[in-house]
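For reference, TrEMBL has these:
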type	residues	note
REGION	1-25	region 'Disordered'
DOMAIN	22-130	domain 'Ig-like'
DOMAIN	220-316	domain 'Ig-like'
DOMAIN	404-476	domain 'Ig-like'
DOMAIN	506-599	domain 'Ig-like'
DOMAIN	609-705	domain 'Fibronectin type-III'
DOMAIN	707-802	domain 'Fibronectin type-III'
DOMAIN	806-894	domain 'Ig-like'
DOMAIN	903-998	domain 'Fibronectin type-III'
DOMAIN	1016-1104	domain 'Ig-like'
Amino acid sequence: MPEPVPEGKPAVADSETDGDEPQSTELTGLFVEKPPNSVVAVAGTDVTFIAKVDSTSLTRKPTMKWLKGKWLDLGSKAGKHLQFKETYDRNTKIYTYEMKIIKVVPGDAGGYRCEVTSKDKCDSSTFEISVEAAHQDEQADILSAFKRADAGEDEGDLDFSALLKAAKKKKKPEKEEPEIDVWELLKSAHPSEYEKIAFKYGITDLRGMLKRLKKMKAEPIVHSEAFLKKLESCYSVDKGKKITLRCEVVDPNVQVKWLKNGQEIKPSAKYIMEASGNVRTLTINKATLADDAAYECVVGEDKSFTEVFVKEPPVTITKLMDDYHVVVGDRVEFEIEVSEEGAHVMWFFEDQEIHKDKDSKYRFKKDGKKHTLIIQEATLDDIGMYHAWTNGGHTKGELEVEEKELEVLQDIADLTVRATDQAMFKCEVSDDKVTGKWYKDGVEVLPSERIKMTHIGRFHRLIIDNVKPEDAGDYTFVPDGYALSLSAKLNFLEIKIDYVPRQEPPKIHLDTTGNMVSQNTIIVVAGNKLRLDVEITGEPAPTVVWSKGDKPITDTEGRVRVEARKDLSCFVIEGAERDDEGNYSITVTNPAGEDKAVLFLKIVDVPDPPENIKCTGVGEDCASIVWDPPKFDGGAPVKGYLMERKKKGSSRWTKLNFDVYESTTYEAKRMIEGVLYEMRVFAVNSIGMSQPSLSSKPFMPIAPTSEPTRLTVHDVTDSTCSLKWLAPEKIGAGGLDGYVIEYCKEGDTEWVVANQELCERQGYVVRGLPVGEKINFRVVAVNMAGRSPPALMSQPVTIREIVEHPKIRLPRDLRTKYIRRVGEKINLTIPFQGKPRPIATWFKDGKPLDEKIVNVRNSNVDSILFIRSAEREHSGTYELVLKIENMEDRASINIRIVDKPGPPLNVRATDIWGFNAALEWEPPKDDGNCDISGYTIQKADMKTKEWFTVYEHNRRTNCTVSDLVMGNEYMFRVYSENLCGLSEEPRMSKNTAVIAKTGLELKSKPYKEKDMCCSPKFTQPLVDRSVVAGYSTAISCAVKGFPKPKIVWMKNKMIIGEDPKYLMQNNQGVLTLNIRKPSTFDGGKYSCMAVNELGKDEVECTLNVRVYKEPEK
C-alpha cells in the first residue's frame, strides 16, 4: 500500500460554483490545490471542482480518482451529467484535474473524495456537496429530487411494467388532492413500505432517498435491549465474493429473523445463517447486483438495520474497435469484446452518448462478450470518432464516409440500323442498385409495345423494335442521384432501290465510329463482346473472307466466329482476351472486282497489381509507403492508385482514399502508435481497378522520444568532459534504445559523434578534447523510430582542468584505532577529492608500503586498502599521502591486529589456611597485541581431577580460592583473557594445596571382603519351540556364576562351532542362540552348558521345524 505523503504548506483552492465565493482550504502532501471542504450548489446549475498536483518530485505520472461515498468510482459514470478533464503544464509540471457536474440535482448531494496516487505516494481530499432548490422553484415537486441524473432518456417517471400500465388504463379523471408531504410519510413508514411509497409517488432513486431520510431523521441513539452490538451501518463487497453480516444479541438462546428489503430470508446455499453463543451471522455467498439491498436482523420487536453495497469489478476491453472507411449507404458494425458477459457498455459519438430509442439508425447487439454498434446506412453526418466505455476500459474507432461514386464499366455505343431492324443500347455501371432514365434528344423515353427498357443487375438496356426513321437521334441514359450521363447516337440507314447494272464491284462500308479511337483501330475491353457488323455491297453477291494476319478465320461457331447475313458480314469475339489483339483484314471479291479493309484490334484490361509495397518510415501516427507500378498497365495508362490498410490480425481493410492517387509514395496518417499495420495497393486505369497487391510487411507507427532533460556538466579535465542527463519525458511505444553524445567547437556547425555505440546509461565521459577550447555538447535519444530532438547545453564548456586542493575525507570510524582479529578481512575505502587526479601513496610506519603484502587500488575519487587475511605483522600506523603538484594532504590510520593471549606465568599457591588457598601469578609474555582484560581461575581435586571454574574475568594477578574441602588436595590452573577470548592453553600451578584435617581421627573397623565365588547355575532354562521353516528364530536362557563361566552351545550333543548360521550372544548372563532361516534339518535337541573352575551346569530344549502348508481352497 502506498505510504502517506508528509504534510506540506497550506495553500488556497478555488471551486467554480455558481454564486459561491472561493474558499480557502488547508492543503497537505501532493495537492497544490484541492476542492473546498463544503460547497452549496443550486439545483439545475453546473458546478466544477478543481484539484492540482505538483509532479516535480514524482517519478511517474499521478493517477487521480473521483469517488462518492466510501467506494463509488465516478470515472465509470462519465457522460452527460458527469464530465472529467485532465491537463498538464510542462513549464510548472502541474497536473490539473477537473470534475464538472452538469445540472446539479438533489441526488448529487453527499460526501466526495478525490484521491491521487503515484507509485509509493498517495494523498486524498474530502469535500461535501449540499444542493439547494432554485428560488423560483421552491414549491417544486419533491419527486424531481430523486430522478436519476445518469438515466439518459429514463430521467422521467419510471415505467413499472404491466402493473403501472394497467393502473393507467383504469385511471379516472383526476381530482385535485391536497399536497402530501412525502418526507413525513417516509419518516413514519416501515422500511418494508419504502418501495411501495416509491412506486406510488414516482420515486426512482430509492438508495438516495434512504440516505437523505437517514440524515433528516437524526433521531437520538436508543439503547437496544435485545442487541449487545448491532449490525454496521453499511457493508460493501465485490461482485462474486462472500460477505458476512454480524451482530451480537443479549440472549444466547434467542431466535432471530433476517430480512432483505422487508422480506424474510430463508436458509439456502446462497444465504447461510449461523448462531454461536451471542453472535448471529448471515453469510451471503457469491454476491450479485441483486444482493445490493437493505437488510434487517429482527429479535422480537427490536431490529438492527444495515445496507449492503455490491461493487461490480471493472470490465476491461479485450478486443479493440477497428476504424472504418466506407461510402454513403454502407452498413457499419463497430465490434468490441469485453472481459465479462452481460457487462454494461456505453457508446458515444464524439461527446454524445448514443441511445437506442433516441436515434433509430443505431442498433445495439450483444452476443456473450461481444458488443456491436450497428449503423444501417452510413451518411456524411456519421463522420467522426466513436467511443465505447466500460467501467474499466475505453476504446475508440474512427468512421470516415465518402460520397458514393458511380463508375461506368461499359459505355453506350453508337448504332446504325436499317428499317424494321432492332436497335439495342446497352451500358454497365458499378452499382447494381442504381436506377435511371432514358432520354431521346432531351425528352424522356417512355416504354411502349415497340420500346422496352430493362435493368438487370448492373446492366441497363434500351431496346427499340422495328426501327423507324423517326427513331433516329441522340439517346442518353442518366443514373438517378448522380451528375452523370451516357450518350450515343442512333443512325437510321435508308435502303434505296436503284436500277443498276447487274455487274457491280464489291464495296466494304465500314462504320465503327463507336469503337474507333484512331484510323482503323478498334479498342475492346478484355472480357467484353465485340460484334462488328460490316455492310457489303456488290453484284453479284461478293465472297467475304476475314483474316487475322495471314490466317483466315472460317469458324461460324465458337468464341471467335464469322456470321453471314444478307448484305452484312458479322465478326464476333465473345469475351475478348489479350491474345485476340492484332491486325484483322476483311476481303470481299466478286467477278466485278475486289475490296479490302484492314483493322487493328486493341484489347485493353485492368492493370496488374502494384509490386514491392513497403514502409520506408514511420512517425507517431503516420507512415510513409512506397511501391512499384504494375508490370502491365492493361493497355491503358495507369491513372493512379487506391490504398487500404488494416491492423495486423484483423480481417477488415479500411480504404484510405476514394479519389485515385497518382504518386507511388503515400503518407498514411491517423494511425495508433504501437499498433502493427499492413498496407495493400490497387492500380486503376480507364478500364477499372486491379487486384490488390500483396500486403506489405507489418509496420508499427512509432515516434522518436522527446529530447533528454536536464543536461549538465558533471566534471571537466584537460581532455575530458563528464556529462549527465535525465531520461526524456515522453518515450512512447518505441521504448528507448540508448543515447548518442555529440560535440562541436564553438562557431562550427559540424557535430562529432563521441560514442561509437549507443550509451545506455544517463551519463558519459567525452574524451580526447582539445585543451582550452570552448565546446558545445548535445545528447540525442535513439529508439527504433530514429533520433529525438537534441538536448543542448545553454552555453559552451571550456575544456580546462580546474585545480582543486587535495583533501582526504577520512571516515569517522578510522580516526581512532582500527582493531581487527587475526584471519579477518580488511577492506578500507578512503575517499578523497582534488583536481587534477591526485597521486595517492601509502606508508607503513614511515616506510613505503609493500604492495606484495597489502593490496592497494587507487581511483579518481578514493583509495582502497585491502588485506585478505590479517596477520599480527600487519599491525602498525598506515599513512596515506595525497599529492597534486606541490600540494599534499596526509591522513594516518592506526591498525591493530589482535589475537588470543598466551598463558600467564609462574602460577603458584602462596598461602593455605583453613579451607582457603591464596594464588598468585604473573601476566603472560604475549598479550595478543591488546590489553589483558582478565583471568579465569579453575580448581580440581586430585582424586577426581574434574575442573571447576572459581573466578571469571578476574582483573588482578592474584586471588583467594575458598570453600575447599578438608582432607582434599587441590591443583589450580589460570587462563589469560583479552578482546579475542581466553588463551589457548592454561598455566598449571607449580604446587598443590592440601587442606589438612584438624582435631578428628577416624578409626576404621577391620573389613573382611566377602567371597563372591560360586559354580555356574542356570536361573532360566531353555524352552521347547516349534517354528516354521524359513523364518529366523532364537532360543534363550540365563546363567549366573563367578568367575565368569565359559558357555558351550550344542546340538544333539554336538558342539556348535563357528557356523555362520548360528549367532551366540551373552548379555549380562542372558544367553541367546539365533538360528538364521532354519530348515527341517535344523530341528533336534539344543543344549547349553556353562563351565568354570568351581563346576558346570547344563540345560536343553527341543526345536521342532515344520513346513508351512497353504490351506486347501
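Glycine is no exception: its Cβ is also placed from the backbone N, Cα and C atoms.
Fair warning: this is a prediction, and the values are worked out from it, not measured in the lab.
Taking residue pairs at least 6 apart in sequence, the domain 'Ig-like' (22-130) and the domain 'Ig-like' (220-316) share three or more C-beta contacts under 8 angstroms. Mean pLDDT for the domain 'Ig-like' (220-316) in this predicted model: 86. Counting residue by residue with DSSP, the domain 'Fibronectin type-III' (903-998) contains 0 helix, 52 strand, 44 coil. Within the domain 'Fibronectin type-III' (609-705), the DSSP-based counts of helix, strand and coil residues read 0 helix, 42 strand, 55 coil. With DSSP states grouped into helix (H, G, I), strand (E, B) and coil, the domain 'Ig-like' (806-894) comes out at 6 helix, 52 strand, 31 coil.
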